[in-house]
């Protein structure tokens with residue numbers, strides 16, 4: 001459909017990794033394994049936080065939310081990536097592109113806020129253990145989780161709605177998904193309003209939550225160093241270390257994508273970072289938490305034991 005000096009595209013072509021046809025099969029296998037592992041790992045974490053009564057605490061409520069976000073985030077883009085890696089026609093319709101863009105932004109933005117909330121939860125648990133159950137009661141935790149979701153979903157809606165109104169002078173997206181920065185590179189003219197919205201949202205969801213995380217961990221570290229019991233110190237380091245590892249991986253990748261000078265030569269690097277950010281990080285989250293957390297490992301063993309026992313009874 002023709003407009004004034006621009007076209008409203010009904011279909012987009014995703015360039016993806018078509019410049020490297022020899023790597024597409026390798027990337028397909030890599031992405032498929034990562035995606036299936038993400039689904040299995042995060043679904044297991046959600047399941048054990050629901051079924052195990054010992055995990056009915058704020059930390060595991062937030063961890064369950066994080067796992068659900070990771071499933072939604074990867075499911076928004078990876079299935080399309082897998083199909084396109086094996087297809088000669090790497091296309092996506094406008095509505096599919098819009099949904100993909102929104103879900104990726106919404107889940108990513110929500111996770112940025114939730115990681116800061118989880119840092120505050122660890123701060124209260126370690127620095128104010130006697131008042132923890134009062135400060136982090138069910139109502140407060142539910143509100144914190146809700147604020148994370150609402151903030152992420154509303155900022156994503158704002159960015160997506162404005163991005164989709166910008167006239168585009170092409171329909172070849174130099175990416176494997178409808179990533180907002182890649183789509184905006186097709187804009188016929190630079191939009192000051194869109195650039196301002198992107199900058200404000202990026203600052204709101206990246207440096208500010210990171211600052212809150214850093215402040216929380218400064219207090220946490222000072223408290224841990226004053227713990228005289230070696231067992232208590234190791235337990236505190238274990239739970240905080242898992243969260244801090246996830247924070248560094250997630251915010252590091254996000255900052256390298258959204259708060260750096262734009263460059264036409266950096267698109268190849270952006271695609272690699274985006275692949276790691278969108279596929280590898282969600283897969284690693286449950287592994288990091290389960291490997292470094294005795295309660296999670298015990299709950300997983302208990303769940304596997306029940307499944308094994310059930311299968312044994314069925315065979316008898």
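Just so it is clear, glycine is given a Cβ too, placed from its N, Cα and C backbone atoms.
Fair warning: this is a prediction, and the values are worked out from it, not measured in the lab.
For residue 188 (disulfide bond), other Cβ atoms within 10 Å of its Cβ number 13. The disulfide bond feature in Swiss-Prot is assigned to 97-188.
The N-linked glycosylation site annotation in Swiss-Prot covers 5.
For 1-20 (among others), the entry in Swiss-Prot reads topological domain 'Extracellular'.
Helix, strand and coil residue tallies for the topological domain 'Cytoplasmic' (42-65), in that order: 21 helix, 0 strand, 3 coil [DSSP]. Sequence annotations record features per position, and here Swiss-Prot assigns topological domain 'Cytoplasmic' to 42-65 (among others) based on sequence analysis.
Taken from Swiss-Prot, the feature topological domain 'Extracellular' covers 87-97 (among others). Residues of the topological domain 'Extracellular' (87-97) grouped by DSSP class, helix first, strand second and coil last, total 4 helix, 3 strand, 4 coil.
Per Swiss-Prot, topological domain 'Cytoplasmic' is recorded for 119-143 (among others), and the stated evidence type is sequence analysis. Per DSSP, the secondary structure of the topological domain 'Cytoplasmic' (119-143) breaks down as 22 helix, 0 strand, 3 coil.
On the 0 to 100 pLDDT scale, the topological domain 'Extracellular' (165-199) averages 88 in this prediction. For 165-199 (among others), the entry in Swiss-Prot reads topological domain 'Extracellular'.
Note on the topological domain 'Cytoplasmic' (221-238): residues 126-127, 292-294 of its chain, located 6 or more positions outside it, place their CB under 8 angstroms from a CB of the stretch. Swiss-Prot lists 221-238 (among others) with the feature topological domain 'Cytoplasmic'.
According to Swiss-Prot, the topological domain 'Extracellular' annotation covers 260-270 (among others), on the basis of sequence analysis.
Among the features that Swiss-Prot reports, topological domain 'Cytoplasmic' is placed at 292-316 (among others), with the record citing sequence analysis.
For 21-41 (among others), the entry in Swiss-Prot reads transmembrane segment, with the evidence type sequence analysis.
The transmembrane segment annotation in Swiss-Prot covers 66-86 (among others), and the record cites sequence analysis as its basis.
Here Swiss-Prot flags 98-118 (among others) as transmembrane segment, drawing on sequence analysis. Sequence-remote contacts of a segment are chain residues at least 6 beyond its ends whose Cβ falls under 8 Å from one of its Cβ atoms, and for the transmembrane segment (98-118) they are 59, 62-63, 65-66, 69-70, 72-73, 76-77, 80, 92, 144-145, 147-149, 151-153, 155-157, 159-160, 163-164, 177-180, 183, 201, 205-206, 209-210, 212-213, 216, 243, 246-247, 250-251, 254, 278.
Under the heading transmembrane segment, Swiss-Prot lists 144-164 (among others). Long-range contacts of the transmembrane segment (144-164) within its own chain (CB-CB distance under 8 A, at least 6 residues past either end) are made by residues 61-62, 65, 98, 101-103, 105-114, 117, 120, 180, 183-184, 191, 193-194, 197-198, 201, 204-205.
Residues annotated as transmembrane segment in Swiss-Prot: 200-220 (among others). Same-chain neighbours of the transmembrane segment (200-220): 109, 112-113, 115-116, 119-120, 122-123, 126-127, 151-152, 155, 158-159, 236, 240, 244, 247, 251, 254-255, 258-259, counting only residues six or more beyond its ends whose CB sits under 8 Å from a CB of the stretch.
Residues or ranges marked as transmembrane segment by Swiss-Prot: 239-259 (among others). Panel annotation: around the transmembrane segment (239-259), residues 59, 108, 111-112, 115, 118-119, 122, 125-126, 181, 198, 202-203, 206-207, 209-210, 213, 217, 220, 224, 270, 273-274, 276-277, 281, 284-285, 288-289, 291-293 of the same chain, lying at least six beyond its termini, place a Cβ under 8 Å from a Cβ of the stretch.
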Within-chain partners of the transmembrane segment (271-291) [C-beta distance under 8 Å, separation at least 6 from its ends]: 16-17, 27, 30-31, 34-35, 37-38, 41-42, 44-45, 63, 66-67, 70-71, 73-74, 77-78, 104, 174-177, 179, 242, 245-246, 249-250, 253-254, 256-257, 297, 300
